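What Swiss-Prot says about this protein:
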- Cys95-Cys172: disulfide bond (DISULFID)
- Cys308: S-palmitoyl cysteine (LIPID)
- 317-368: region 'Disordered' (REGION)
- 1-20: topological domain 'Extracellular' (TOPO_DOM)
- 79-96: topological domain 'Extracellular' (TOPO_DOM)
- 160-184: topological domain 'Extracellular' (TOPO_DOM)
- 21-41: transmembrane segment (TRANSMEM)
- 58-78: transmembrane segment (TRANSMEM)
- 97-118: transmembrane segment (TRANSMEM)
- 139-159: transmembrane segment (TRANSMEM)
- 185-205: transmembrane segment (TRANSMEM)
- 237-257: transmembrane segment (TRANSMEM)
- 260-280: transmembrane segment (TRANSMEM)
Amino acid sequence: MADAQNISLDSPGSVGAVAVPVVFALIFLLGTVGNGLVLAVLLQPGPSAWQEPGSTTDLFILNLAVADLCFILCCVPFQATIYTLDAWLFGALVCKAVHLLIYLTMYASSFTLAAVSVDRYLAVRHPLRSRALRTPRNARAAVGLVWLLAALFSAPYLSYYGTVRYGALELCVPAWEDARRRALDVATFAAGYLLPVAVVSLAYGRTLRFLWAAVGPAGAAAAEARRRATGRAGRAMLAVAALYALCWGPHHALILCFWYGRFAFSPATYACRLASHCLAYANSCLNPLVYALASRHFRARFRRLWPCGRRRRHRARRALRRVRPASSGPPGCPGDARPSGRLLAGGGQGPEPREGPVHGGEAARGPE
């Protein structure tokens, strides 16, 4: 992160020396557990967490969880040492690798959010025509393209950072001259934040406009049906995209202020940079909360991870089988004593009386 590495805390006994490790430890713990559980929920066999057959949304959420987990495990612990220790202890290679992974996962998350916003727009606006395009195979190809683009855009950060000696201390700091650093920081803001947020805003804006543009009673009913069918995944991914914009926006804004505004180094500006970095890092541990709050099907699949949830589901199925009426089988089964038609004098069967009970096909449905 830009220039935060140059400034250490004033003293080990300062408030920051205590608060920073606590905040980073919470981010690490919540992010690791939360994204690990998201992976466990999505990788278990069963229907989509969003009740969409062949859902591409699950694949995109899985990719977001992988990117967030990689960021939490590989970047947050090392970044915490930058703010709490006076020197960099891990060598030049780790210095370069950590900052490469920071921007690699940032690009992967932003590009995935842009892809899923387009996916949701196609699902709502062209539900039939987009079926051939919105397949798990194409979603996996899109995920591969996301990581390829993320690797290309983040590759310059392999040389952007390096280690320098400052007296007896080794520091992990930006190694490029100012002109090149400014050009890359502006390009990162444009490609990793501004463009994905614009795509997400346009896609969800057109989606919401289409959902609410019903004309007449028939149009209103159709729009309400579309809202019910696409609401769970759409609301969740819209919330995730909004969180990304809110959490990463201050970080990019401060970098632009550093290059194009008045941003003198002081305790106040240091606190602002630290707060912006913590907010950006916290984005990786907030997404699992959104999934859990947005979808009852996601919560149900989460409960199935635990033995008590599986036992409760098994008992419910056994109780359902015990109370199922004997006549719930298809016509002609031994439990169905009622003939399916009216006997005629010649031994044949006539049509069902109109005022009689429900047809055998309806009775066969049983409790849902």
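The backbone N, Cα and C atoms fix where each Cβ goes, and this holds for glycine too.
Across the topological domain 'Extracellular' (79-96), the DSSP tally of helix, strand and coil residues reads 12 helix, 0 strand, 6 coil. Of all the disulfide-bonded residues listed here (Cys95, Cys172), it is Cys95 whose C-beta has the fewest other C-beta atoms within 10 angstroms. The listed stretches are 185-205, 237-257, 260-280; of these, 260-280 has the most Cβ pairs under 8 Å to the transmembrane segment (21-41).
Note: the topological domain 'Extracellular' (160-184) comprises 8 helix, 12 strand, 5 coil (DSSP; helix = H, G, I, strand = E, B). Per-residue confidence over the topological domain 'Extracellular' (160-184) averages 94 (mean pLDDT, predicted model).
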